[in-house]
Structure formats: structure tokens, C-alpha cells
């Protein structure tokens, strides 16, 4: 079965790319290993650098309807409030605020925008990637059940343990004309590393004791032995995520099985939180409709984001910690730039490899910068930046940094807003 673009992975990045391909008339097929779209994760943060692209494909109205804009972030050290960071200026400056939204609902909406079952094959686990042996051929994948798909371009959106990334590396390392099939069990130099931390997160039912004054207020809680963030969501729901050192002997898994409310309470149940009815976080955890525990990985080396007719996006290319909520946003940025490139390939198919190299060069520096930024912010937030000076540096930043400092620090992040090539062409026509 052939198509213009084969996308391996039906997460945020893969489905965003598929929705954009559909928008510009490029045929695609998404292969997702999960058998169903089940709730995975808790919440998601969508910032201005991703929202402009979502606005272009008609998804911003959904985000506005189902999400909650963040107005302020209150920073606490144990029970003492250090500061309140204003976020209401973001929309005036960048055109969009930061939204917190329930992840599964947003994922389902992306699935629909991508074309649903007409585009997305669920239960389609890739076992082998077969690169082209001649320039005119496409790239093929073979599923575990034996089905075979071929595309003019193959895109890896399959996360930190990407089978497509291994195929891309094999394409780079093999002599011309000798690149063979690459399977999921092939040995390859690992480019991701376990950070030693586990994220404990959850998404609550509406908290009836919260009122209008609580809308849009996030909390950064800096405890002695852990940290915790609560993000406001629609209808006074809360998305919480904490980070603690992991005690696992085997860090080779991403999502823990059998995590429950007690998993969260063992770490955070007795900790102070300003909006908990008795000021203990267990009173929030008991309202969680689901909880998740997952190990945290980040990128250590960066393979090229494109080689031959294979391209990468999101965590498959630049896995990062979630300390500033940019993982999904960067996948959306990647998808926007890649969709623009795929639109060009649709017009000039013989230039596919050259055009993908253009995508590679437009995204690699940005992705690497975000990995470094996320790592450094994690060090700042946990009081470990600059070694023994870490606690002092953290307190100085969170208690003394003026608003103009935050505006300066976030300009490079939120001011970068990729646009789909279709929209660029329309803008050029209007100004011509």
C-alpha cells in the first residue's frame, strides 16, 4: 500500500503533521502501535510558539474552548510564597497565552483533524524499515503482522525509542546502495539517557471549593525533597506533575504500570499546597480521575533530523525534560516546518532529499537549544544550577527577577512561531 508520506507514530507530533498534510492536500498514512486511543498522560501545555500553527489548521478554537489560559504562577518554597509571576502579558506580546488542557481530549481532536480512521491505522506496530535501494523508490515499512506500506517519504514520530531513528542512522552509516532493512531489535548507539527522575502526574475532577479567583493560577511548589507543579485547567480541574529522584534499578521503561493514588501520596500526600482544603496535597490527589508515573529521558547526542527520504520530529529527534512544558510544542513546531517541506516535495518530488535537508537545517539548532534550555531550567528549578550555589541562584531568580526579565528570557522561545507554507503563500499574495 503506497502513499506520499508514511508517518510512524500517532502522538501529538505525528497527528499534527497528518492534519497539516491533509490541509495542504498531501496524502499520508499514520501507523500507530497502540490498538486504541486511550487516555495517556494527564495534561498538556500549549504555548504561543505552537498555538499559531494550531490556529492555522483550525484547532485554536478547540483549545480556547477546552483549555484554561494561565494568568499567573505563584512560586512557593515549602509553605512560604516567594513570588507571583504575571503571565497575562503573553497574549498582548505574542498573540496567544499559555494554555493548560487535558491531554486525551486534545489528542482525540488531533486524531479527528488528521482524518480519523481513514488516515490513522491503530494497532500498526512497525517491525522493520526498508530504505530505498534506488533514488526513485520510496521507503517501506513492514508491520509485525506482515503488512507492508510504502511512502515517498518516511517520518519518524515514534518517540524516544524510535525504530525510524535507527533506520535513519543506518541510512547515514551505510555505503551508497547498501542500506538494508532495519528492525526494532537492531543494536544502535542509544541517543537518549535516563535523567534519574520520575514524573508523577495526574488530572483531577472539578474541585468544587475553588472559585473565580483561582482561575488561571498555577503553582510551582519547591519542597525540600521534591518539586510539584499544579496547572489550572477548565472547570477548576487541576493537572499536577511532580519530579522526584527515581529508585528504580532498571530505568528502561517509560510509563510505570499500576501507578495509583497511593503512588502519588507516598511522595506528596503530606506536602503543603495552598488550595488544598486542609493544605495537604492528598486532598487534591483523591479527586484525580487518573494518575501517571513515568521515567524522564533526555537527548544526549543528536542524530540528523533527515537523511535520504527519512525525516524525524519530536521526541524521536530531540527528547527533552518537561520542566518548561515544551515537548509537545516542539513537536508541533517540527510538524509545521516539515509539512511545509512536504508541500514542496509534492510539487517537486525529485527534489525530496534536498528539500528534507532544508527542513533538517531549519529545525536542528532549535531542537537542540530547547533540550539544553529544558535541562538548565530543570537544574535551576531543582536548586542544582551552578552546583552548591544552586539554592541561592534559584531563590534570587524566583524572588528578585522583575517582569521585564521574564519578558526578555521568553522572547526567543515564544516569539518563534513557524507558519505553514500555504499561509506564507497567501500572505505573500496579499502584500504583492
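Glycine too: its Cβ is placed from the backbone N, Cα and C atoms.
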One of 19, 113, 328 listed by Swiss-Prot as binding FAD at the site of 32, 103, 315: 328
Most crowded position, judged by CB atoms within 10 A, among 32, 315 as binding-site residues: 315
Other CB atoms, at most 10 A from the CB of residue 103 (FAD binding site): 20
Binding residues 32, 103, 315, 328 (FAD) - maximum C-alpha distance in whole Å: 17
